[in-house]
Amino acid sequence: MSLKQQAFTGVVWTFAEQFGSQIVGFLTSLALARLLLPSDFGTIALFGVVMAIAKVFLDSGLVGSLIRTTDADERDYSTVFWFNLLAGTILYGVVFFVAPLVSEFYTLPLLTPLIRVYAIILIIDSLVAVQGVQFVKNLDFKTNFKIQLPSILVGGIAGISFAYFGFGAWSLVYASLIQNMLYTLQYWLYSTWRPSFLFDKAKFKYHFTFGSRLMLSSLLDVTFNNIYTILIGKKYSTAELGYYNRADSLKQLPVNNISNALNKVSFPLFAKMSHDDILLKEAYRKILSIVIFVIAPIIAFMVVSAEPLIRFLLTDKWLPAVPYFQILAIAGVLYPIHAYNLNVLQVKGRSDLFLKLEIFKKILVVLVVLASLPFGILGLLWGQVITSILALFINTYYTGKFIKYTVFSQVRDLVPSLLIASFCALAVYLIDRFYIGNSIDLIRLCILLLLYTFFYLGIVLLTKGKEIGILKELIFKR
């Protein structure tokens, strides 16, 4: 199978995995949002920060190092496996003893037992990192689909059941534990690989030298991505944090899943092209064009339809989340571009530059947060928009040097889709405001969606956008 065929098949199965899993997860979250209070989601978001940081240490960048190592053997895999298991066990102990401090910081006694039980996931996840790497390296995303979907489905049903019987925030914890246990069990059933009782210090040093920089970069990224959760949780109520958390989760549905689906395929694909800059640039440019072509109209539509969308999906009690969602969606539209630019650095083996860029951007985040903090939650969120725009210029600097794809070239490729999406959003907004704004939410959303789709595809076809040609090439010439 050629690289193009592998890429196409990988994209299809990864999208199936991402969207199948997310549809199930999304429907579960809708049910939970109707059964639980905003404060329950706020409470979960608080200890989610602790777990996100712990998972960075668990990975230690070794997964990324294994993916880019084309000649990885049994010593590589077993060394990383035993390190992950040891790291997961140690991290659980650390989180167990840190839990009361986190609880005291937020003055929420319930956090201590919640964190201690939820942290068991660290040990569970440490058992499947290597199997996951092997499936990714082989571009076997079909198996990932078979594993992810039933795990999320069973976990979701369990979470809804616990919420229905009044378990509150605990229902989210139990759902995650059940989901991860099923996920791990299936990985061991589907994978034929088993760890050997060996640990190669030289192999560990090799992977950790590369991975440690990625780990530090990811640690900075996770910490600063959650800085808003930390600040809102400390300064405002858990209900306000719950609104922010649901708005951010709804934004992530298109942003992260489209981006992550392509990212899972593009990283190993780029790694195979790392020695051919011309081929790498062409592949990168096509993926970038397609992802913004897909994500820009989705984000723009969600921004203009935010009020009826949230009221229809989550009920009136979640309407305070509307402005949060709109601003976060605008900030998120550039996320895929950031991720793909950084992928180029990884496949080129320049994790040192990756880390330097992340440090520089985090300094920028701190400055923007300090400047926007006096303006309340909305000020903080608009700060995210500013940071995202500035980060685009920072991330594209080295991409321009390595594969001769400068920031101006990237912006030139992105602008058409962004302009068309924005124009269609404005047109739909005006129609909604003057003609159908008082309609029933479901009818209103259907009309707006049909109008937006008609406008967007119509303009793209009339202007003969290059993205149509790229899609045809992927589908019919693979």
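Glycine is treated like the rest: Cβ placed from N, Cα and C.
Automated prediction, rather than curation, is the source of TrEMBL annotations.
Since this is a predicted model, take the numbers as computed values, not measurements.
If you look up TrEMBL, you'll see 19-37 (among others) marked as transmembrane segment.
When Cβ-Cβ distances below 8 Å are used as the criterion, the transmembrane segment (44-67) is approached by residues 76-77, 80, 83-84, 87-88, 91, 94-95, 98-99, 102, 106, 108, 111, 114-115, 118-119, 121-122, 125-126, 129-130, 132-133, 136-137, 169, 172-173, 206-208, 210-215, 217-219, 222-223, 225-226, 229-230, 233, 238, 241-242, 244-245, 267-268, 271, 346, 351 of the same chain, each at least six residues removed from its ends. Residues or ranges marked as transmembrane segment by TrEMBL: 44-67 (among others).
What TrEMBL records for 79-102 (among others) is transmembrane segment. Within its own chain, the transmembrane segment (79-102) has Cβ neighbours under 8 Å at 46-47, 50-51, 54, 57-60, 62-63, 66, 111-113, 115-116, 119-120, 122-127, 129-130, 133, 195, 198-200, 203-204, 207, counting only residues six or more beyond its boundaries.
For 114-135 (among others), the entry in TrEMBL reads transmembrane segment.
Beyond its flanks by at least six residues, the transmembrane segment (147-165) meets 17, 20-21, 24-25, 27-28, 31-32, 35-36, 171-172, 174-176, 178-180, 182-183, 186-187, 190 of its own chain at Cβ-Cβ distances under 8 Å. Positions annotated as transmembrane segment by TrEMBL: 147-165 (among others).
Long-range contacts of the transmembrane segment (210-231) within its own chain (CB-CB distance under 8 A, at least 6 residues past either end) are made by residues 45-46, 48-49, 52-53, 55-57, 59-65, 68, 241, 244-245, 346, 349, 351-352, 354-355, 358-359, 362, 365-366, 369, 373, 380-381, 384. Residues or ranges marked as transmembrane segment by TrEMBL: 210-231 (among others).
Look at TrEMBL and you will find 287-304 (among others) tagged as transmembrane segment. Within the chain, the transmembrane segment (287-304) has long-range Cβ neighbours (under 8 A, six or more residues past its boundaries) at 250-251, 254-255, 258-259, 262, 266, 325-326, 329-330, 332-333, 336-337, 340, 410, 413-414, 417-418, 420-422, 424-425, 428-429, 432, 448-449, 452, 456, 460, 465-467, 470-471, 474.
The transmembrane segment feature in TrEMBL is assigned to 324-342 (among others).
Panel annotation: around the transmembrane segment (363-394), residues 224, 227-228, 231-232, 236, 240, 244, 323-324, 327-328, 330-332, 334-335, 337-338, 357, 407, 410-411 of the same chain, lying at least six beyond its termini, place a Cβ under 8 Å from a Cβ of the stretch. Here TrEMBL flags 363-394 (among others) as transmembrane segment.
Within the chain carrying the transmembrane segment (414-431), a Cβ under 8 angstroms from the stretch's Cβ atoms is held by residues 288-289, 292-293, 296-297, 299-301, 303-305, 333, 337, 448, 451-452, 455-456, 459-460, 463, 465, 467, all 6 or more beyond its ends. Marked as transmembrane segment by TrEMBL: 414-431 (among others).
Positions annotated as transmembrane segment by TrEMBL: 443-462 (among others). Counting same-chain residues at least six beyond the ends of the transmembrane segment (443-462), those with a Cβ under 8 angstroms from any Cβ of the stretch are 293, 297, 300-301, 304-305, 308-309, 312, 420-421, 423-425, 427-428, 431-432, 436-437, 468.
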- Query: Near the transmembrane segment (19-37), which residues from the same chain, at least 6 beyond its ends, have a CB less than 8 A from one of its CBs?
  - Reply: 145, 148-149, 152-153, 155-157, 159-160, 163-164, 168-169, 171-172, 175, 239, 242, 246, 249, 253, 257, 261, 313-315, 318
